[in-house]
Amino acid sequence: MLDLKRIRNNSNEIKEALNNRGEKFDVTVIDEVLKLDEERRNILVKVEVLKSKRNKVSSEVPKLKKEGKDVSNIVAEMKNLSEEIKGFDVTLAKIDEKIQYIMLRIPNIPNPQVPDGETDEDNIEIRNWLEPTKFDFEPKAHWDIGTNLNILDFERAGKVTGSRFTFYKGLGARLERAVISYFLDTHTEKHDYTEILPPYMVNRTSMIGTGQLPKFEEDAFKISEDDYFLIPTAEVPVTNLYRDEILKGDELPLKHVAYSACFRSEAGSAGRDTRGLVRQHQFNKVELVKFTKPEQSYEELEKLTNDAETVLKELGIPYRVVRICKGDLGFTAALKYDLEVWMPSYNRYVEISSCSNFEDFQARRANIRYKEDAKAKPQYVHTLNGSGVAIGRTVAAILENYQSEDGSVTIPEVLRPYMGGREVIK
């Protein structure tokens, strides 16, 4: 959520920034917010005048009573003033509700570093690691490799649940588990993140706090009876861990890593990478989340991105880092990098991680603040997160980049201790 004071003082700048985003945003709502804000402030002035008058009249009552004078008219005036104030309070509550409704639907403002552009084709490659994998045979897609090795079963998952679900079997299940353990060990032991094992369901307030709601409700799986939601990412519960709290400045940055299953309806993605493990309704992911002081956040974003890159380097998977343009930025981020791995069967790079700085956008929605010391005024933290990284897509990238002509798959060296010393799946 944006700072209302910022909108008030820089409305034209805010409108221009929102106009440059990819999704067509109706900037006239900024004028609507400003109109409501002005109305609210005018009413507050009137309320203060009425309260001052009521207090003045009220202070006269004891003196007049002591003098034996009739105070019925003054009491009646006080009652009228109180009723008038109460009426204004009702009006203010309605205005606040309207302002909140609009503010929750205004996207974040892109950081000046974000490049211009309208679609993902305008994203800018920052760096890459390893050349795309080449083969002297026609490489197979990971869903064919996994099916042939009997380690992935899409057909039976379709029978049991539906499309875009998967059974991992035998060494496939062990490979998935190995990747999860390797990622968690790397981020906790080498990168100094504190591990969190979060709930897989959250309430509506939590989804609003991180920006999934109200805009993306159609993409969420809702448990309707209790107004709970299956988490689309561990970012939601881990960020909301500190909702409505004031953190200590000397504790920042706070760094958490969380493994979780993730659940997404992927509304509107029909026909896009729907085969295999790339776009599933349920998938596993290791998430990195940081809470920082504002002046630290962009330095910490670079570190977080590097932490996510480390596991891809150690796995030996070719990847690149792209800076996301304004048109592809998404609702909540101020600046975002995507890590994309090379997928031979696609003959292109596929996103495996998004690393974002939300600045104070989520912190305002979730009311997460910090104080430098006991006497200091609370300030909003900056929140950051990134996949560290998506598990299913990592497994897909391993199967495709490490495949052999005979259909076997070499296990990356760093995973072999987690695979009982095995070197090959065949």
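Using the three backbone atoms N, Cα and C, a Cβ is placed for every residue, glycine included.
Worth saying up front: this structure is predicted, and the values here are computed from it rather than measured.
What Swiss-Prot says about this one:
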type	residues	note
BINDING	T233, A234, E235, E287, S387	L-serine binding site
BINDING	R264, S265, E266, E351, I352, S353, S354	ATP binding site
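DSSP assigns E351 (ATP binding site) to a strand.
Site extent for L-serine: among the recorded binding residues T233, A234, E235, E287, S387, the largest C-alpha separation is 9 Å.
Around the Cβ of R264 (ATP binding site), the same chain contributes D219, A220, F221, P232, H281, each under 8 angstroms and 6 or more positions distant in sequence. Note on E351 (ATP binding site): other Cβ atoms within 10 Å of its Cβ, all shown chains, come to 17. Cα of A234 (L-serine binding site) to Cα of S354 (ATP binding site): a distance of 13 Å. In this structure, the C-alpha atom of E266 (ATP binding site) lies 13 angstrom from that of T233 (L-serine binding site). Ranking the binding-site residues S265, E351, I352, S353 by the distance of their Cα atoms from the Cα of E287 (L-serine binding site) places S353 first. Rounded to a whole number, the distance between the Cα atoms of T233 (L-serine binding site) and E351 (ATP binding site) is 15 Å. Note: S387 (L-serine binding site) has non-local neighbours T233, K285, V286, E287, L288, A308, L339, I352, S353, S354, C355, i.e. same-chain residues 6+ apart with C-beta under 8 A of its own C-beta.
Cβ proximity to the L-serine site centre (mean Cβ of T233, A234, E235, E287, S387, cutoff 8 Å) flags the following additional same-chain residues: V236, V238, A258, S260, C262, K285, V286, L288, V289, N385, G386. The number of other Cβ atoms within 10 Å of the Cβ belonging to S265 (ATP binding site), over all protein chains shown, comes to 17. Packing around E235 (L-serine binding site) is summarised by its Cβ count: 31 other Cβ atoms lie within 10 angstroms of its Cβ, all protein chains included.
Across the structure, E235 (L-serine binding site) and S265 (ATP binding site) place their CA atoms 17 angstrom apart.
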